Amino acid sequence: MQTLNKKVAVVTLGCPKNQVDSEIMTGHMMTKYQIVNEPEQADIIIINTCTFIESAKAESIDMILQMSQYKEEGQCQTLVATGCLAQRYGDELLAEIPELDGIMGTGNVAEILETLEEAEKSKVRRISAEAPAFIYDETMPRVRLSPKQYAYVKVAEGCDNYCTYCIIPHVRGHFRSRTQESILREVEAMASEGVKEVLLIAQDTTRYGKDRYGEYRLPSLIKEIARIEGIEWIRLMYCYPELFTDELITVMKETPKVCRYLDLPLQHAHDKVLAEMNRRGTIREAEGLIHKLRQEIPDIRLRTTMITGFPGETEEEFQAVVEFAKKIRFDRLGAFAYSQEESTPAAQREDQVPEEIRQQRRDQLMELQHDIAYEQQQRWVGQTLKVLIEEALPDQRWVGRSEGDAPEIDGVVYVDSPGELEIGDFVLVKITRADSYDLMGEVVQ
């Protein structure tokens, strides 16, 4: 069989940053392989793995084992694991899963063709840099796997924060920004292909530019992206509160294309726990930032994440999170039970909170947030929102998102329309009903 006739399927797990890596790998493979969506049709299967928390690790291993079945039941000849789990546990994966023919770490995304070639030849190919240094640019081939109307733009790679519970700096390397010119050229190309919304992502988006330019460049980057014709929404994800400057607030406020939405992961609401997590700043400072954001941008939607059951977390410290959630009333809040990640400082502590209590606290917080989110959503009933149409349903109904909804992690807007709507178009929708996560409405004629 000629290489050009071989079919490759890429299975992506984890976060949008992983998705971008899969898109770059797919772009490189397009010249030599047919890309297929169904693994059962593929001669080569690539699993781009995640290892952020224990459940993600388990999902990645399960997926590798599931895909390995196609070596017996399907036509798969070569099975390769890439991404964070492969970077962290490459040797162990090769030893424990004999069906694996290759391993590739996070720093070798652009070397996927060489990896496949070696994996097909030798059946034991390990490429996993100790300290990943790779960062893609706009010249690399990339096949977007997201719907045509939006795209993720990775402005930086790696992380220098070293939160005590997190393994990411070890599997993604030091923080490194792309050049502003590279990002702008990529967004211009996306706009020419019909992309309406760009989501700026990194492990720490607010840090963008500091390593490369000696200053935080996110405000100027946003202003330049806003000048690109065709881009209508700019969404900020993964923003650290201590680096969110007054300049950045002003740019958000004065740039209509910036979504009135902010993903601001806080992780906890008690200063002692924050310090033990190696999170910079205090909860009072975070509260001050939130107050300022809501004062300057009254219609902003705020998303955060919290960790329950961090080592040593007392009931009193957990209640600080509960009271903070009640006081701040986030529009979106995701809670995760602490995951004990080996090789992290937090995992070495002897005062681990029992798993049952971690989960109980997580469930309690999410139950509270469900009620808060429902109440927060009611303010949109009767208002007219700009909605990006993304899916057609039967009976003249469509699914879209407002600027308050990031794709895949937030809610949607269900839209009734007497006329046909086009996927990727913006329409004005009068909101008639709201639940905790989704909105319902009718197209404004």
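Cβ atoms are placed via backbone N, Cα and C, with glycine included.
Feature list (source: Swiss-Prot):
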type	residues	note
DOMAIN	6-121	domain 'MTTase N-terminal'
BINDING	CYS15, CYS50, CYS84	[4Fe-4S] cluster 1 binding site
DOMAIN	145-375	domain 'Radical SAM core'
BINDING	CYS159, CYS163, CYS166	[4Fe-4S] cluster 2 binding site
DOMAIN	378-445	domain 'TRAM'
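When the C-alpha distances from CYS50 ([4Fe-4S] cluster 1 binding site) to the binding-site residues CYS159, CYS163, CYS166 are tabulated, the minimum falls on CYS166. According to DSSP, the domain 'TRAM' (378-445) comprises 3 helix, 33 strand, 32 coil. Across the domain 'MTTase N-terminal' (6-121), DSSP helix (H, G, I), strand (E, B) and coil residues number 66 helix, 22 strand, 28 coil. Sorted by the number of other CB atoms within 10 A, the binding-site residues CYS84, CYS159, CYS163, CYS166 start with CYS163, the lowest. CYS159 ([4Fe-4S] cluster 2 binding site) sits 13 Å from CYS84 ([4Fe-4S] cluster 1 binding site), counting Cα to Cα. As a whole-number mean, the pLDDT of the domain 'Radical SAM core' (145-375) in this prediction is 95.
Using a 10 Å Cβ-Cβ cutoff, CYS50 ([4Fe-4S] cluster 1 binding site) registers 21 neighbours. Classification of CYS159 ([4Fe-4S] cluster 2 binding site) by DSSP places it in coil, neither helical nor stranded. Taking the mean position of the Cβ atoms of CYS15, CYS50, CYS84 as the [4Fe-4S] cluster 1 site, the remaining residues of that chain whose Cβ falls within 8 Å of it are LEU13, GLY14, LYS17, ASN18, THR49, THR51, PHE52, ALA56, GLY83, LEU85.
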